[in-house]
């Protein structure tokens, strides 16, 4: 019978018991052992393994939690605001197994469970006392003595004529051996949130630090650069996206100040000055979702196009695209990226206010698309309005936008309008607000797609609907309660 007892921390005692005979450096009498058995069976670190009443360590401590006990930076780095990499040196004791170097590769395949799984640390090192041997680093939470190996592992050791005796090795950990979240957790005051995530925009790490993290902002920026290959600049947003051009002020925390960057999203390359345009890598899935809705020959009006993440993939599907952005920098890089992706002949680019774009180029094109010859048209018309903070307000432009007799319902434009919501029921909130602007009810003729969680209690959503003829055309009477309107009801998309 074997019992392993491990209190929290690195120190532990191993008892081996056979017929009440205890083998360890500190002997226990059978009476002492028997008296401790009931207590051990109730201890949180010990559990009953099988009907033969064998015991082993509790598997309840996850790898990340166990690593934090041993593989964590020294406590003296707490409160550091200027990064000192030399302060992160630490020595830990690791169990090792000495083997002949010619059998290392074969043996490692069989010792995957027992070997040290720590990123950044070699599992096999040279033996400083024997050139013909190597030392295999073992997991200090699994391997204590030769009895800690599983039966299959002992079998392969015997087969390869390897002595299973465990030795100790003093391993020096340095700054390079710690993960970014481990470093920040050790540095920031205890109990405070740790920032280890960021948005990657080419070579730039874009962070959104909270107030309590600001005293450590330059250290955080440098850690992000150190621990993420390819990142050479770390920036922090210092205001909200609330200006006319949808960009925001940013502070370079560490690294180079070059904001000219290149990214690749859904296989398409984009280039731009990140400090002057809007780009959010978290929207790549949404860009792809909308693109998949369009078929070759369809028409897309992108009212707030940015540098082209909707317009360019759609144009690549042989669709006709009208793309607009008020920001002169976005307009410039939109033209550049259309040429870069060889769709400049398929995308007509505008530099207008969204309202002027809808009332001008969009209205003119819709009059042609939905005119007398529209019955022969088989393609769809889509209008994307990705300005979540204000897009719903622009829906009022569609009211009485077109003249003449209405086209058939299936030819009416499909709108994809984005919005933020802090309401407990965000989908209904967006439907209600969009319907209020249009002067109709959208509950029965629209779908709402959750895009992403922006912040606690703040969601970004996309409402999709066909613009009712009663709204789009002049001299029509909107039906405020259109739940029973069959043509609109058939256009409802699946939620």
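Cβ coordinates are placed from backbone N, Cα and C, and glycine is handled just like the others.
Whatever TrEMBL says is automated annotation, not expert-curated.
Quick caveat, the model's predicted, so the values are computed rather than measured.
Per TrEMBL, the features are as follows:
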type: DOMAIN; residues: 198-469; note: domain 'SAM-dependent methyltransferase TRM5/TYW2-type'
type: BINDING; residues: 287, 325, 326, 353, 354, 386; note: S-adenosyl-L-methionine binding site
Tertiary neighbours of residue 325 (S-adenosyl-L-methionine binding site) (same chain, Cβ under 8 Å, six or more apart): 304, 305, 306, 331, 334, 350, 351
Recorded S-adenosyl-L-methionine binding residues, 287, 325, 326, 353, 354, 386 - maximal Cα separation rounded to whole Å: 22
Nonlocal neighbours by CB distance (under 8 Å) for residue 354 (S-adenosyl-L-methionine binding site), same chain, sequence gap 6 or more: 303, 304, 324, 326, 385, 387, 394
